[in-house]
Amino acid sequence: MGGDRQDYYGKHGTPQKYDPTFKGPIYNRGCTDVICCVLLLLAIVGYVAVGIIAWTHGDPRKVIYPTDSRGEFCGQKGTKNANKPFLFYFNIVKCASPLVLLEFQCPTPQICVEKCPDRYLTFLSARNSRDFEYYKQFCVPGFQNNKGVAEVLRDGDCPAVLTPSKPLARRCFPAIHAHKGVLMVGNETTYEDGHGSRKNITELVEGAKKANVVLEARQLAMRIFEDYTVSWYWIVIGLVIAMVLSLLFIILLRFLAGIMVWVMIVMVILVLGYGIFHCYMEYARLRGEAGSDVSLVDLGFQTDLRVYLHLRQTWMAFMIILSIVEVVIILLLIFLRKRILIAIALIKEASRAVGYVMCSLLYPLVTFFLLCLCIAYWASTAVFLSTSNEAVYKILDDATCSLAGKTCNPETFPSSNESRLCPNAHCQFAFYGGESGYHRALLGLQIFNAFMFFWLANFVLALGQVTLAGAFASYYWAMRKPDDLPAFPLFSAFGRALRYHTGSLAFGALILAIVQIIRVMLEYLDQRLKAAENKFAKFLMTCLKCCFWCLEKFIKFLNRNAYIMIAIYGTNFCTSARNAFFLLMRNIIRVAVLDKVTDFLFLLGKLLIVGSVGILAFFFFTHRIRIVQDTAPPLNYYWVPILTVIVGSYLIAHGFFSVYGMCVDTLFLCFLEDLERNDGSAERPYFMSSALKKLLNKTNKKVAES
């Protein structure tokens, strides 16, 4: 037996040796993974430099404000278009051109206007009437009515037709409405094209159908915003209720964890038993019916799956499968009963630990704040990088022109040779770009920006895990709980993590960030390959995505346990990861049982909290109940505050249970270390609770009195 035990430990590492001075998280520790700490600091300096460069060259106005054909912003204060906030398209039908997908710009003149047109007019009908002053505001700035109609329309000085429009995202889109089931623009069915001929308005409608959909989306967004303005007070109350319920659930787990687990196990057994009984009754009922004895092989594959329910063989297969599952669960309960009891005892102990370190429940707010900073810096840098290009002008022509798509200068284009070769062309703003070294490096800078976001976000999460692990480990290794618990364990653990283990946290976060950025690139390549018909490439891409997904999950699991070992022993990342992995491998069955039991309890808790708050919100916002004298405010969509409360409740419950889950994992690793380090003697007493010692038939021997 001794040889088998030595061989077992040889495969799964060596347990920690007994250290008489070890009384919990080591305070006299040194800095770990200093190189990674230096790399992180250098990367942060580089990240700040990228942000400064992006903020120097970028211009967020390119995202906020629309741009006319000359690359000038609409509605920007301090410019000549300050009082013209909307962008007007001369011929929006041309926006349906494939050129839009390539150049991100409609091949039609665009100008900034004070307001969108509100009536139907053509250039021919308005030119010699009193409506021309109104029409003139939709022509290019400085337009003088000294050309013929054909010349004006050829040069793109004025639009051929005005249609009633509505602003959407500061752009004028035709106002579409339904008349007798037909989509129409205004009250007209035809319009003049500038050459004297009248065309069906259907062409214009087809070019603006999508705009109507977006307009309806904007109206929906406005109504949702109105609902938030009148219901935010009650939404906050609902979230506070979710917070109180989450706290109560964690406290009740100390007393009800065992009952909930065993009740659920009994319910699963009863449900499976009923399933077996139902399958047998269906199997007996079909006896003697015509066609029920046909085998599944003879029937073959049928698109209507209900056909199989008329076969006795189908119910027999269901009954056999459920019976096997039932027997397996019962056998697992028989052989793993003690391990389930240990898992329940650890969960109860975690509830006590959280009760003694209550400030740990507030730490997710710190993590949330730091993650918000990371997200804000990443998003702002990404926006500035994407808007740090220069205005590029291109020759646009809806007719056949060999020079279409070439770059041009709007100042010299009217007198250039290109203008003579393509008389119907326009030198129009196309997009923001550039050919300098900086512009060529923009893609790399965006990738670096995304990579640093992953690295810093993972570092923030790692800092939270090490901090919580250090606080809860201090609780476990206190011989007399809570008397021997150090003062301010959470703040002490936070200080140790930053002072000594920034490099180790950076190391673990770096490994995870590399995997995550690879996954992002694979998703990008997958989107690019969707149009391809290469089945092998699609298969390879699917395999790579699956492998890296599994790798990310494994690294997260390994990092989490490595951070616990770092918090306890102060070792570097690689040593901690190795020791944690082998410790878990030596207790793999206990790990599996504890993981599934805690997953079930957390799922039950989230469903209970989210369901309770969601049902309460539903009855309140649908005016089915009243709270005191107040009632729910009138809403456009009652589901808006209900969904907000449900999602918010889930996030709050997840935040509370993430702390609780870290507590369970930390106590579990400490429990395994306690079993391997100590033997219950006076020199090496167990630190586990009395409930755990009772389950394992362990006792601490008292020191013999002299």
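Note that Cβ sites are derived from N, Cα and C of the backbone, with glycine treated the same way.
What TrEMBL annotates here:
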- 34-55: transmembrane segment (TRANSMEM)
- 232-252: transmembrane segment (TRANSMEM)
- 259-277: transmembrane segment (TRANSMEM)
- 315-336: transmembrane segment (TRANSMEM)
- 356-379: transmembrane segment (TRANSMEM)
- 452-477: transmembrane segment (TRANSMEM)
- 498-518: transmembrane segment (TRANSMEM)
- 562-585: transmembrane segment (TRANSMEM)
- 597-621: transmembrane segment (TRANSMEM)
- 637-657: transmembrane segment (TRANSMEM)
CB contact flag for the transmembrane segment (259-277) and the transmembrane segment (597-621), at least three pairs under 8 A:
yes
Under an 8 Å Cβ to Cβ limit, what residues of the same chain, 6 or more beyond the ends of the transmembrane segment (498-518), are close to it?
29-40, 447, 450-451, 454-456, 458-459, 461-463, 466, 548, 551-552, 555-556, 559, 562-563, 566, 570, 572-574, 576-577
Across 232-252, 315-336, 562-585, the most C-beta pairs under 8 Å with the transmembrane segment (597-621) come from 232-252
Might you confirm whether the transmembrane segment (452-477) is in contact with the transmembrane segment (34-55), defined here as three or more C-beta pairs under 8 A between residues 6 or more apart in sequence?
yes
For the transmembrane segment (637-657) and the transmembrane segment (315-336), decide whether they are in contact, meaning at least 3 CB pairs lie under 8 A, counting pairs 6 or more apart in sequence.
no
Any residues 6+ beyond the ends of the transmembrane segment (232-252) with a Cβ under 8 Å from its own?
351, 354-355, 361, 605, 608-610, 612-613, 616-617, 620-621, 632-633, 641, 644-645, 648-649, 652-653, 655-657, 660
